[in-house]
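Novice: Swiss-Prot lists His20 with the feature active site, proton donor. Positions annotated as substrate binding site by Swiss-Prot, on the basis of sequence analysis: Asp28, His98, Tyr120, Ser121, Asn122.
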Amino acid sequence: MKKSGILNSEVASVVAGMGHMDWLSIGDAGMPVPMGTKKIDLCVDKELPTFMQILENVLKEMKIQKIYLADEIKDQNPEQLENIKQALPDVEIEFMPHTDLKKNLAKTHAFIRTGEMTPYSNIILESGVTF
């Protein structure tokens, strides 16, 4: 049995397989996932697990060079935006319309669905390189 880090086998496998500039997405319970995009559904109940719980655990094992967020998070969920900025203080942020963020999920290696119930709690992580 694995002793530490990400214990969910699907999430651990996706993170371990990420290369430089690959994309991984994490989102709220309501985010539609395009056909063909691997969906890892961790949602157990409302707010279980939360978006930030999953993001923080993924960040322990994945180098991030850039993130993509919906423009709408600035006005509709500024508290979550601040949480994201605190978790990724030195990472470039690119904002785009929510409709474009949804379309870009098709380019991600996987979408991790959380139990998050706050609007626009969705992110695309662009993998960095550790050397």
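Using N, Cα and C of the backbone, Cβ positions are placed for all residues, glycine too.
Values in this document were obtained by computation on a predicted structure and should not be read as measured data.
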Novice: Rounded to a whole angstrom, what is the C-alpha distance between Asp28 (substrate binding site) and the residue listed as 'active site, proton donor'?
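Specialist: Answer for this pair: 25 Å between alpha carbons.
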Novice: Measure from the CA atom of His98 (substrate binding site) to the CA atom of His20 (active site, proton donor) and give the result in Å, rounded to a whole number.
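Specialist: Cα to Cα, His20 (active site, proton donor) and His98 (substrate binding site) are separated by 25 Å.
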Novice: Going by DSSP, is Asp28 (substrate binding site) sitting in a helix, a strand, or coil?
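Specialist: Its secondary structure by DSSP: coil.
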Novice: Which residues, in sequence order, are found in the same chain with Cβ within 8 Å of the centroid defined by the Cβ atoms of Asp28, His98, Tyr120, Ser121, Asn122 at the substrate site, excluding those residues themselves?
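Specialist: Near the substrate site, beyond Asp28, His98, Tyr120, Ser121, Asn122, sit Gly27, Met31, Ala70, Glu72, Ile73, Asn77, Leu101, Glu116, Thr118, Pro119, Ile123.
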Novice: Taking the Cβ of Tyr120 (substrate binding site) as reference, which residues of that chain separated by at least 6 in sequence fall under 8 Å from it?
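Specialist: The answer is Asp28, Leu69, Ala70, Glu72, Ile73, Gln76, Asn77, Gln80, His98.
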Novice: State, in Å as a whole number, the widest CA to CA span among the substrate-binding residues Asp28, His98, Tyr120, Ser121, Asn122 given in the record.
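Specialist: So the binding residues stretch over 13 Å, Cα to Cα.
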Novice: Among His20, His98, the recorded positions in question, whose Cβ has the most other Cβ atoms within 10 Å in this structure?
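Specialist: Of His20, His98, the one with the most crowded Cβ is His98.
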Novice: Where does Asn122 (substrate binding site) sit in the DSSP three-state scheme?
Specialist: coil
Novice: Which secondary structure state does DSSP assign to His98 (substrate binding site), in the simple three-class scheme?
Specialist: helix
